[in-house]
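Asks: Quick one: the structure is below, and I'll ask about it shortly.
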């Protein structure tokens, strides 16, 4: 069976779904979303944090990973302190701050639009994010963060011990205080992806679940379609690579070059439902916590280089639970509902890979978002829509182009139409 579309989007996670929705809003394109639903979709590894500043300065998964590496380095240095300075990893460059803040600003209107036009509610909540300071190294890390973002001083607030206790009564009284990010909020990650896809479907996008791209067709330098395992050949003029942790494989098929995207495993814990315990999202050097609208608390997340493995492991889950209980002692009496793992699409510099490549016309990247896919999904969809329509972009995407990696050509043959 052969079908013809203007655009094929490979990947139905939150990034591909956002692209599908934004591109479908004009009603002038025939679009298909191809998604294999392989285990480990990155949306599964997310707390749903819209932590525009928090993620940009390395909180959430970033500070957990930093403290893990810090502990290892300290052991190797036989107890010597680890410096927190300008070389500290995970504080992302200014270009990402711009991307993140612009994306964050889109969510209130996006939330209203998806509810009113499509009946889909992804549970946007204005919660703020607090980095709970539990020891001197946490404070040093927090001070370093503040020093890096003087231009965002109005969005950051120090809470002393008493102020933290008033804001979050459940937090351990041993905590020294917190650094609060006022514009960082949360959504339900699963409902966000579903909302994008359902709205896109209502706008006429064809969803092809359980379908995998097995080859890419080209006429000379131009994309002309894809081969799939279950839906035959899908002819198109534009292919968007939103394949998440599998994006490198699709890039190689489409361009002959393998972009440096690899899976980064994140394990997650979910509690039973309970009355409101947390007033906002919390992150520590051990874990992050977000209580959802149904009362469940999501606790995450590890950062592991384990290939495509999505199994849960006791030491890592126990570490998350212990970190959560250290911060919020009442959680010691709470039952765990389930655990799981997802695969974030990591890039070497932790920045997404967006936009065209010089070698192939009609191919666009929308991948490599690592731990910020939920946050940046809104702006990614807008950017891809404007790229397809050759319109002015709201920000410079040069820092996010695949060309920054200068990958070597792969020894593959690209199928001809």
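We number each residue from 1, going along the chain as drawn.
Positions of Cβ are set from backbone N, Cα and C atoms, glycine also.
Per Swiss-Prot, the feature FAD binding site maps to 7-21; the stated evidence is sequence analysis. According to Swiss-Prot, the feature N-palmitoyl cysteine maps to 19. Among the features that Swiss-Prot reports, S-diacylglycerol cysteine is placed at 19, with the record citing sequence analysis. Marked as signal peptide by Swiss-Prot: 1-18. If you look up Swiss-Prot, you'll see 46-66 marked as transmembrane segment.
Let's see these features in context: how buried, what's close, how far.
Replies: Of all Cβ atoms in the shown protein chains, 34 besides its own fall within 10 Å of the Cβ of residue 15 (FAD binding site). Secondary structure at residue 15 (FAD binding site), as computed by DSSP, is helix.
Of all the Cβ atoms in the protein chains shown, 30 others lie within 10 Å of the Cβ of residue 19 (FAD binding site).
Away from its own ends, the signal peptide (1-18) comes close to residues 29-35, 37, 41-43, 46, 189, 192-193, 196-197, 200, 206-207, 209, 213, 225-226, 231-244, 246-247, 250, 366-367, 369, 373-374, 377-378, 380-381, 388 of its chain (Cβ-Cβ under 8 Å, at least six residues beyond either end).
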